[in-house]
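Visitor: First the structure, then my questions, so here it is.
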Amino acid sequence: MRKNSRYFGTDGIRGKFGEYPITPNFFLKLGYIIGKFFFQQGIEGIILGRDTRISGQILKSSMKSGILSSGLSFYDAGLMSTPAIAFLTKVSRKKIGVSISGSHNQYYDNGIKVFSKNGMKICKKVEYEIEDKIRNFSKETITCYGKSKNIKNAERKYIEFCKDFSERFDLIGLKIVLNCSNGATYKIAPCIFQELGANVISVDCKPDGMNIHHKDEEESLFELKKKVIEKKAHLGILLDGDGDRVSLVDHLGNHINGDQIIYIIVKDSISSRINSYKGGVIGTTMSNTALEKEFKKIGVPFIRSEVGEKNVLEKMKENGWIFGAESSGHVILLDQSTTSDGIIAALRILKIMIKNHTNLFRLCNEFRLMPQIFMKIKFNQINNKLILKNLMKMVQSIQKKISRDGRVIIRESGTEKLIRIMVEGNHQEDVLKIAQEIKLFSKERLNNIF
C-alpha cells in the first residue's frame, strides 16, 4: 500500500476550482466511486452539504449525479457547516456524510471532506481504497439508481444539538462579536448564540459566493480585536469558512488560539469534582512548547501527531483520549462531537467562564505561550522539493542560534501549494531575528516572496 495519497491531503481533497481534480467531471466520477464503495458496505445514502463558495452548487450537482448513479440515495443538507454534516451523519446511522468545502481557503478553492457513518472522518485505509478505485476506474453500465431527498429541518437539528449540550447554561448579559468569514455558519452560529441569550454583533455574515475568507486570518483577527474593544464585548469569536476552526479574542483584544482553548477546557475537566478527566491530550508538531510544559505541570500526558485534524483524531483514538487540538483552531472534544467544531469549542469556553464567574483573559493569564512566528512560501509543483531541501540546509546552519527550547519547523502544506515555516523560542528578539534570516534567504536564494 502506498505511503502517500495522491488525492487526499491532510484534510480531504482540496484545490483550485476548475483545475484537476476540483472539476465537475471529476466530482461526477468521485460521487459514483464513493457511492459504489459504500453501497457495497450496506450504506443506504449520502448526506451532502456545502459551504457558501460560488463553485459549491456546480460541484454538488455533479457529485449528486454520480451518487445517484451508484445506487445510493442522495440526502441534500443544503448550505451546512462541516461539523453539522458530521453530526447529521452520526444521528442518521446508516448514511455517510460529505461536506463540499474549501475550508479556510479563499473562494476560488474547493474540495470535499468525507465522514463515515459514525460521524468521524474516513481513515487513511479507506482513502487509499477510494484512490485506487479512482485510478483504476473504467466506465460501467448503470444498473440501479438512488433517490434524491432533502433533509427536513437540517439546520434546526444541529442548532438544538448545540444548545442541548448547554443544559442549565445561558448567555444572558453577554455581548459577543461573531465573525463567520461569510462561510457556512453565517446563519446557524448567530442563531445559536442569540437563542442562548447573548447580544450578538455579527461580522462577515453576508456571503455572496465570492467573499468567503476574502480577508486573511491575520486581517480578520485584527478587525475582530478592534470590534471587541470598540463595542466593549465580553468575547470575540472567529469561525472559518466551514466552521470547524475557531479563534477567540478576550475583552482586552488578546488573541486566544487552539493551544490556549484546549488548555482551558482540559484544566477545567481535570478539576471537575464529578467525572474528573484522567486521560491525556493530542497536539501536533506545531503546538506551542509552552502547552506541553503546562500540561506536564498539572500531570496531563501530551503527545504530538503530524499536522492535520485527521492525524490528531487518529492519535486520540489510539490512546483512548477525548481531547485534541491544533494551534490553528481545530479543537476536538470527543465527549461532545465526532470532529472539530468551532461553535461547540466556543460554547465550552463560555460555559467555563460563566461557571467560574470570570473572563477569558483571567482563564489564560497563567498560561503564557512561547513566542512563535509563522511564515509561508508559495511554490509550484516543479520547485517545491528543491525549496524544501535548500531551506532545510539553511535551518541546520542557524539552529544553534535558537535557545535550548527553540524550534524551526518546515513542512509542505497538505491543503495549499505552500511551504509553511514556524519559528519558536524563549525570546521574541531571537525568534524575529531568525525569521528575518529565513525571509532574506528565501528572497535572495530562492526568489520567493512570503
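Cβ coordinates come from backbone N, Cα and C, glycine included.
What TrEMBL shows for this protein is this:
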ACT_SITE  SER103  active site, phosphoserine intermediate
BINDING   SER103, ASP240, ASP242, ASP244  Mg(2+) binding site
DOMAIN    6-136  domain 'Alpha-D-phosphohexomutase alpha/beta/alpha'
DOMAIN    158-253  domain 'Alpha-D-phosphohexomutase alpha/beta/alpha'
DOMAIN    257-366  domain 'Alpha-D-phosphohexomutase alpha/beta/alpha'
DOMAIN    389-438  domain 'Alpha-D-phosphohexomutase C-terminal'
MOD_RES   SER103  phosphoserine
Visitor: Under 8 Å Cβ to Cβ from ASP244 (Mg(2+) binding site), same chain, six or more residues apart: give me those in sequence order, or none if nothing qualifies.
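Guide: Listed in sequence order: SER81, THR82, PRO83, SER103, GLU309, HIS330, THR339, SER340, ASP341, GLY342.
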Visitor: If we count other C-beta atoms within 10 Å, could you say which of the binding-site residues ASP240, ASP242 has the fewest?
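Guide: Comparing Cβ neighbour counts within 10 Å for the binding-site residues ASP240, ASP242 gives ASP240.
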Visitor: Give the three-state DSSP assignment (helix, strand or coil) for ASP244 (Mg(2+) binding site).
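Guide: ASP244 (Mg(2+) binding site) sits in coil per DSSP, no helix or strand.
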Visitor: According to DSSP, collapsed to three classes, what secondary structure does SER103 (active site, phosphoserine intermediate) have?
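Guide: The residue in question, SER103 (active site, phosphoserine intermediate), is coil (DSSP, three-state).
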Visitor: For the Mg(2+) site (SER103, ASP240, ASP242, ASP244), what does the 8 A shell look like? I mean other same-chain residues with CB within 8 A of the CB centroid.
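Guide: Result: ASP51, SER81, THR82, SER101, HIS104, GLY183, ALA184, LEU239, GLY241, GLY243, ARG245, GLY342.
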Visitor: Could you give the number of helix, strand and coil residues in the domain 'Alpha-D-phosphohexomutase alpha/beta/alpha' (158-253) as assigned by DSSP?
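Guide: Secondary-structure composition of the domain 'Alpha-D-phosphohexomutase alpha/beta/alpha' (158-253): 29 helix, 20 strand, 47 coil.
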Visitor: Could you give me three numbers for the domain 'Alpha-D-phosphohexomutase alpha/beta/alpha' (6-136), the DSSP helix, strand and coil residue counts?
Guide: 54 helix, 33 strand, 44 coil
Visitor: Per DSSP, how many helix, strand and coil residues does the domain 'Alpha-D-phosphohexomutase alpha/beta/alpha' (257-366) have?
Guide: 53 helix, 15 strand, 42 coil
Visitor: Please work out the helix, strand and coil residue numbers for the domain 'Alpha-D-phosphohexomutase C-terminal' (389-438) from the DSSP assignment.
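Guide: Across the domain 'Alpha-D-phosphohexomutase C-terminal' (389-438), the residues distribute as 24 helix, 13 strand, 13 coil.
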